[in-house]
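Taken verbatim from TrEMBL:
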- B:Asp89, B:Leu90, B:Thr91, B:Arg119, B:Gln133, B:Asp137, B:Arg307, B:Tyr311, B:Tyr312: L-histidine binding site (BINDING)
- B:29-385: domain 'Aminoacyl-transfer RNA synthetases class-II family profile' (DOMAIN)
Number of protein chains: 2
Amino acid sequence: MAKDKQPRKPRAETPKGFRDYFGADVIERRDMLAKISEVYERYGFDPLETSAVETVEALGKFLPDVDRPNAGVFGWQEEEGDWLALRYDLTAPLARVAAQFRNDLPTPYRRYAFGPVWRNEKPGPGRFRQFYQCDADTVGAPSVAADAEICAMLADALEAVGIERGDYIVRVNNRKVLNGVMEVAGVLDPADPTKFEEERGIVLRAIDKLDRLGPDGVRALLGEGRKDESGDFTKGAGLGADQADAVMGFMEAKGHTGAATVARLRDVVGVSALGLEGVEELETIADLLSAQGYGPDRIEIDPSVVRGLGYYTGPVFEAELTFEILDEKGRKRQFGSVAGGGRYDDLVKRFTGQAVPATGVSIGVDRLLAALRAKGRLGDAAAGPVVVTVMDRDRMADYMAMVGDLRRAGIRAEMYLGNPKNFGNQLKYADKRGSPIAVIQGGDEAAKGVVVLKDLILGAKIAENATLEEWKDRPAQVEIPLADLVSEVQKMLAQ
Amino acid sequence: MAKDKQPRKPRAETPKGFRDYFGADVIERRDMLAKISEVYERYGFDPLETSAVETVEALGKFLPDVDRPNAGVFGWQEEEGDWLALRYDLTAPLARVAAQFRNDLPTPYRRYAFGPVWRNEKPGPGRFRQFYQCDADTVGAPSVAADAEICAMLADALEAVGIERGDYIVRVNNRKVLNGVMEVAGVLDPADPTKFEEERGIVLRAIDKLDRLGPDGVRALLGEGRKDESGDFTKGAGLGADQADAVMGFMEAKGHTGAATVARLRDVVGVSALGLEGVEELETIADLLSAQGYGPDRIEIDPSVVRGLGYYTGPVFEAELTFEILDEKGRKRQFGSVAGGGRYDDLVKRFTGQAVPATGVSIGVDRLLAALRAKGRLGDAAAGPVVVTVMDRDRMADYMAMVGDLRRAGIRAEMYLGNPKNFGNQLKYADKRGSPIAVIQGGDEAAKGVVVLKDLILGAKIAENATLEEWKDRPAQVEIPLADLVSEVQKMLAQ
């Protein structure tokens, strides 16, 4: 570049699909995660913080094609070396750690983790390429006691962050029960699990549409198929009436108590050994939870939980918030799911060849924060500092001493550090900071040994264009002895 | 890849130069950063969390060459788009944010940030390519009151994390004073700051060697040059006697009080306007700090602080820990620097063309953690959970109920979730977890309504090969009524 040519200025922009978090957003998330961590640690889970960068080989799912990996991850190649990439979730790094440190870690290994993950996807409104996940998993525990523990922990975590009992429900289902039902319905052959894959897909999708289509619609999809209002035809799974009955019975098996649900499910799975195993696991989970006092008001067996059934191998669970919010169109709707998880048994097999049973849960950090916001549980975090204004720039040491006194008393406080010439700017600054109180001391006040405290929460509306003279006439301000600064500020903040 | 060919298993390895943090390491860092955050927030600083990814254009320092950027950052090119990279520090993202959001942010903008940064460098022992930084900066405050505030905040932060008063000192110097000295010494021409660059470099390096070479050695380097013991000759700056006196006077200007130091510096900089400005700034900083009660036992004016003087434009500061530790060879030495910073005025100029004054500090997170470890201030974080063992796998619900009671009382506790067949494995597990207490209840105990508490801290040494029989004979275990489980565990933990 020629030296006399002025290079164009760089753009000050966040990369597309990324964002910055300011002030209260950072604090609210941090405080929520701290409360969740406390619960997880009480349950014996240890934190794990893996590096953001993994080898593409260890991440597995995404392999470099001819040029570079681009299917979903941010990746690059080392100089003459490995392809590296940013992690896209917290489970893949856990699998790598569980394999790499298998001789050093306790078995079972209970670990929790939270932190950003990255997805190389097309960004959209509200969809970012970096976001937080918060996971807890138990690796190496074949017993469903591990699943029960995670359900209890999830309920405790939700209450710890401020979701009241009655405002959430943790629902538990079991993949094995569904497979038993598929067996009874004739679309799963234990001797050849690859058969009937298409039919099982149709059944799964039909179950998932119960809410929208109702029992008749689902039954049509289980049979020959269904024509919707527009006249379009969706092909069905082709089940006979008895077979469809089994699936419908599965979906409607939920009773008033866990015991009733389990009894019905036992009927539904009939002679399927796998199905019975699944029902017994659900029964054990319900027993273990009830022994700790977790009743169906908090955690219930619910065969309608289908989400993730395709991925998991045993118990699955989902936490739903049951209170209503207004959607963007002003209609009432349930808040919905904020966490989900289940048992998956192939965590480290890719690395070691050895199957290691694992179960875990992932909390949707942004969803849960939105729920807390909807319930009015957030907001204190945004409290701005008390601002000590600078009326006389030769007396900065005095103002700094006031700030020092306030801070030593644990009060968030600062002196105005901009150009003090325009007093209105100082008040605008305090306003922008969400400051609750401005402290003012001009020459007259200093001579009398007093300061003026201005209650900015009361005065917020008029602060915009106030001059000092207008300001002094407002009732929201008091003159107090300098010696009482800390106690009077404390009093005003407590109001 | 042919379907019948078994692919080789992926390696379960952290990428070179990266590491994972387990349990106590995560907790200790988190707790330390929480204490620092609390201080920063009390000072009115707001947290900012920028994305890990920036455009290479915004990062600035590192530009893509023909192929890809590789000078120090991890970078990659978007499909038909920008070059992106992981941030290499927290200052470059602050500059981008300060420019991008300049109309929305308050002025001055006080922000703190901590989080990982990434460097694409050759990893070495103890040198990682991802590590934590913890920064606080005030953007848009020309007054040195902002610098004084950061020095006070740094002292408070060190005390908050557990460094006692007397074990640290914050040293303050000013780049302008040094420039004044350079002017007096004839190696800085205010009319043409590019002249004498070589000489100034020699002077700076000479000052930095005072500890090692002593005053005579430094004086030789300021003059014609210096021959070391081996006979090698280092060329000097060529200053005359009076000029060298000025530099020596600068280095030795530290007096017993800030006022004495300032008076000597005033002599040294003589007629240099810039130098006098620097001295007055130091005087103001000392006055502002003393008005808040920060005396030279915590923060002192020290002309020997040279680190970073080349980079900064005004006040510079450095926090040093003054207690002694043993180095790897068993020799006593001072712990040394854990934080540093200063004033730099070109933060957002690259983006907007407008100079914005800023000052800030960066704490070396790993260094400070190492210091706390050396002082024995860490360690509690590693406390393992109480482990309820499984003697009888049909009674898991009973064991889970015990765990539930302990957890509800706020005690970290878990039931053993591995295969319960080998009881020795359960005790080995508890040992590996750093568990303080094992709870044991076999059939006999259950019939009597009692449980056995085993104090594992006492019994740690013998746990390795213990069978249940040996175990029961140790004095470190007590039989207690089941109803007293929580209170007895609390009692044992309090010991």
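A Cβ is built for glycine as well, from the same backbone N, Cα and C atoms used for every other residue.
Caution: TrEMBL annotation is automatic and unverified by curators.
Computed over the domain 'Aminoacyl-transfer RNA synthetases class-II family profile' (B:29-385), the whole-number mean pLDDT of the model equals 90.
In sequence order, B:Arg175, B:Gly342, B:Arg343, B:Tyr344 constitute the residues six or more apart from B:Tyr312 (L-histidine binding site) in its chain with CB-CB distances below 8 Å. All protein chains shown were included, and the count of other CB atoms within 10 Å of the CB of B:Asp89 (L-histidine binding site) stands at 15.
Among B:Asp89, B:Leu90, B:Thr91, B:Arg119, B:Gln133, B:Asp137, B:Arg307, B:Tyr311, B:Tyr312, the residues given in the record as binding L-histidine, the maximal Cα to Cα distance rounds to 22 Å. Cβ-based neighbour count (10 Å, all protein chains) for B:Gln133 (L-histidine binding site) stands at 19. All protein chains shown were included, and the count of other CB atoms within 10 Å of the CB of B:Thr91 (L-histidine binding site) stands at 19. Counting every protein chain shown, 17 other Cβ atoms lie within 10 Å of the Cβ of B:Arg307 (L-histidine binding site).
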